[in-house]
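Trainee: Take this structure, written in structure tokens, and hold onto it; I'll ask about it next.
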Amino acid sequence: MLAGRAARTCALLALCLLGSRAQDFGPTRFICTSVPVDADMCAASVAAGGAEELRSNVLQLRETVLQQKETILSQKETIRELTTKLGRCESQSTLDAGPGEARSGGGRKQPGSGKNTMGDLSRTPASETLSQLGQTLQSLKTRLENLEQYSRLNSSSQTNSLKDLLQSKIDDLERQVLSRVNTLEEGKGGPKNDTEERAKIESALTSLHQRISELEKGQKDNRPGDKFQLTFPLRTNYMYAKVKKSLPEMYAFTVCMWLKSSAAPGVGTPFSYAVPGQANELVLIEWGNNPMEILINDKVAKLPFVINDGKWHHICVTWTTRDGVWEAYQDGTQGGNGENLAPYHPIKPQGVLVLGQEQDTLGGGFDATQAFVGELAHFNIWDRKLTPGEVYNLATCSSKALSGNVIAWAESQIEIFGGATKWTFEACRQIN
């Protein structure tokens with residue numbers, strides 16, 4: 001009788017195992033386990049199989065992470081090849097240009113000569129286009145390296161969705177870019193063809209930026225809301241960021257930010273604030289060969305900033321409506337001051353605050369020649385004049401540094417458009 005009971009026990013246990021593992025597609029194994037006569041045999045079998053499932057999931061996760069790393073390394077190698085090809089194209093374009101053609105089309109738009117929008121792409125020579133594309137690809141390479149490092153440090157949180165995005169979204173865009181580069185390498189098109197090719201390449205690169213941004217969203221959930229930067233890789237009239245909040249009426253202000261750019265001539269417009277009836281209510285701009293300027297109610301003061309060396313710089317501008325007194329700080333040190341800048345004119349409320357573009361109309365009217373090219377982070381605004389000590393704390397990343405009481409740098413408050421991107425940045429850890 002005991003033998004019959006044991007046989008029935010094993011049979012029931014086998015049935016429980018078959019039910020609990022019905023979703024497995026591998027071979028089924030049967031395990032007989034001694035349990036008390038009055039115990040729940042199905043529950044015991046599930047507990048015994050739980051450890052095995054956990055081990056299987058861990059092994060699968062490790063395999064996924066390894067595949068992700070291999071995919072990222074493959075993308076980095078592809079970008080190196082693209083950069084090499086672009087270099088060869090640029091060299092060939094220089095050799096093909098005649099003595100009088102080497103610098104043609106390279107002049108910057110003068111005021112009043114019309115906007116350099118995407119419809120005017122043929123104004124930029126091929127060598128400059130290829131140089132910009134090379135810089136953009138280098139930026140993509142850096143961001144892929146950041147993704148690789150993030151994957152290595154946070155492998156336990158990776159999923160198959162990241163792998164799928166890496167394979168399906170980066171691969172097809174890189175094939176498009178490679179095709180465009182080969183076209184440039186093999187033939188010499190006329191101005192119309194050059195314009196079309198550049199437009200197609202920039203469109204592909206913009207899409208690639210957007211799709212890499214989707215991958216970088218995996219980092220966003222695991223970082224503080226202020227540990228990010230904005231990147232504007234190309235000088236266009238459609239790439240920008242918008243601050244969701246507007247400004248109140250202000251009789252004094254301090255605006256501070258971190259900037260990194262090597263654009264020349266002129267880094268462009270880090271930010272602009274427009275209100276109904278006045279597009280230049282508050283603007284910071286460096287255009288052409290002019291020095292950087294601050295505009296308040298269309299009144300101008302020249303600032304002593306020199307920041308287009310490809311390094312991170314912290315800049316601040318303070319202003320009070322009384323006598324229009326202003327001060328300018330670079331890297332924590334005051335470099336200039338003045339007065340009579342829009343005196344007794346308060347900053348008007350209910351406007352539109354844009355990062356990366358100069359507004360000719362409320363919320364729009366962007367001009368590609370005035371666009372900011374580079375990286376921007378920790379944009380803060382206060383409704384008072386900060387002291388030199390407070391500015392220094394910001395520039396040195398002191399624990400005493402303050403966040404803006406009007407506009408504080410927060411990822412949830414910034415919307416990006418046209419291929420501008422957000423990715424992780426910690427001031428003073430990544431600078432220079």
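Quick reminder: no glycine exception, Cβ is built from N, Cα and C everywhere.
Okay, so Swiss-Prot annotates it like this:
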- Asn280, Glu358, Gln359, Asp360: Ca(2+) 1 binding site (BINDING)
- Cys256-Cys316: disulfide bond (DISULFID)
- 226-428: domain 'Pentraxin (PTX)' (DOMAIN)
- Asn154: N-linked glycosylation site (CARBOHYD)
- Asn193: N-linked glycosylation site (CARBOHYD)
- 90-128: region 'Disordered' (REGION)
- 1-22: signal peptide (SIGNAL)
Trainee: Pick out which of the binding-site residues Glu358, Asp360 has the most other Cβ atoms within 10 Å of its own Cβ.
Mentor: Glu358
Trainee: Most Cβ neighbours within 10 Å: which of the binding-site residues Asn280, Gln359 is it?
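Mentor: In terms of Cβ crowding, the pick is Gln359.
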Trainee: Relative to the Cβ position of Cys256 (disulfide bond), how many further Cβ atoms are located within 10 Å?
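Mentor: Cβ-Cβ neighbours of Cys256 (disulfide bond) within 10 Å number 24.
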Trainee: Neighbourhood of the Ca(2+) 1 site (Asn280, Glu358, Gln359, Asp360): other residues with Cβ within 8 Å of the Cβ centroid, in order?
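Mentor: My list of surrounding residues reads Thr269, Ser272, Ala274, Ala279, Val283, Gln357, Thr361, Gly365, Asp367, Gln370.
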Trainee: Using all protein chains in view, find how many other C-beta atoms are within 10 Å of the C-beta of Cys316 (disulfide bond).
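Mentor: Looking across every protein chain shown, the total is 24.
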Trainee: Give the mean pLDDT for the domain 'Pentraxin (PTX)' (226-428) on the 0 to 100 scale.
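Mentor: Looking only at the domain 'Pentraxin (PTX)' (226-428), pLDDT averages out to 95.
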